[in-house]
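Since the structure comes first, as structure tokens, the remarks are kept for the end.
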Amino acid sequence: MSIAGSQRQILLALLARLQPHWHRDRNLPARLDPLLKGDRRFGSRDRRLYRELIYTALRLLPEVEPLLADNPDEAVRRLAWAAAETPATRNFRAAFATGETYAADPVRLLPGWFRAHCPAAFEPLQAAALATRAPLWLRLQTDDASAVIAEFAALGWTVESAPLLPSALRLGADVDVTKTAAYARGAIEVQDLGSQFLLQTVGIEPGGMWLDACAGAGGKTLQLARLLGPSGRVDATDVRSAALDELVVRVRRAGLANIRRVDAPAATYDGVLIDAPCSGSGTWRRAPHLKWSTTPDTIERARTVQLALLHQHAAHVRPGGRLIYTTCSLSHRENDDVVSEFLVSAPEFTAAPFARDFGGTPTATGLTILPATHDSDGFFVASLQRH
């Protein structure tokens, strides 16, 4: 059997293993990774190939799933056409991206029920963005951007700065920055451009003491600490204490001395950041399995948690301070509706104006970053001030 034929056979076998879980497992990558890492036939390039093809299948699921049983050759052909062109996929695409060019209708690749949650996602440009692989964005944690860019250029990588945020760098998606010297010395962090915009919109001034109430692995914690500067401080906490272990590693690598892991927050802060757990619809480009394992009930359950977090941590905001609420969801039920419901029961808070909007879409209570605007993931941010 040819190499291409063997790759086709392996791909179809992997898809068959995962198919029973497509519509119900929100942690599908945890099933995929052992399949790829546990097979001795696969080198790193093989793993990148099959991961790209499987994620492409998840993006195209309404069109590809029926073909897997009835016409697997056509399913493979469509996946080859739709997969990103990378060193790992190049030979596979050359072998199977044959015949008439295939391009899916991106609106058909969204779950129909989601239209009521985010009509904008069904606009052609936004739907097309949600149907494609997201680029790799980095956030500079150094003022010496030239050294980082020179290092990447020496590796043959194309680097672009975001026009509205020069500290954000865009790279080709098929590179591993974690093996670079810039990463090892804490000069860069992987963070989507849309995520980087969120804290920039609210105009955080240097100094002050902030609480990151849902710090997790610490992507926004590190950014917040850099915005506050050496005279400021971030207390980081999370109900998932194990998630903070990764934060500790990242803080050490970044060399930041103004982040403190805490179990019990202080009485009050100048600001509180709630990067709330959510359905993740804004990340469908990177996590396409969430399109099919998310339901309206998923969103309603998330709302309950989100409202509880707002009420719990609002008490930690001093008078005159701010409460920043962010999600990586595009559903108004998790965004405007949650904030509006909170404001009704917490009249001491009001929505505050944004310092910059970065081309985001204003909403009743905040700002939405849509994926197509800057080729990013989708996000929501609300800035609330306590009186």
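Keep in mind that glycine also has a Cβ here, set from the backbone N, Cα and C atoms.
All annotation found in TrEMBL is predicted automatically rather than curated by experts.
Annotation comment: TrEMBL describes 124-387 as domain 'SAM-dependent MTase RsmB/NOP-type'.
Summarising the annotation, TrEMBL assigns S-adenosyl-L-methionine binding site to D238, D263, D275. Long-range Cβ neighbours of D238 (S-adenosyl-L-methionine binding site) (same chain, at least 6 residues apart, Cβ-Cβ under 8 Å): A213, C214, A215, G216, L244.
Look at TrEMBL and you will find C328 tagged as active site, nucleophile. In this structure, C328 (active site, nucleophile) belongs to neither helix nor strand by DSSP; it is coil. In the structure as shown, the Cβ atom of C328 (active site, nucleophile) sits within 10 Å of 26 other Cβ atoms.
The Cβ of D263 (S-adenosyl-L-methionine binding site) has T237, S241 as same-chain neighbours under 8 Å, each 6 or more residues away in sequence. In sequence order, D212, C214, A215, G216, K220, T326, T327 are the residues near D275 (S-adenosyl-L-methionine binding site), counting only same-chain partners six or more apart with C-beta under 8 A.
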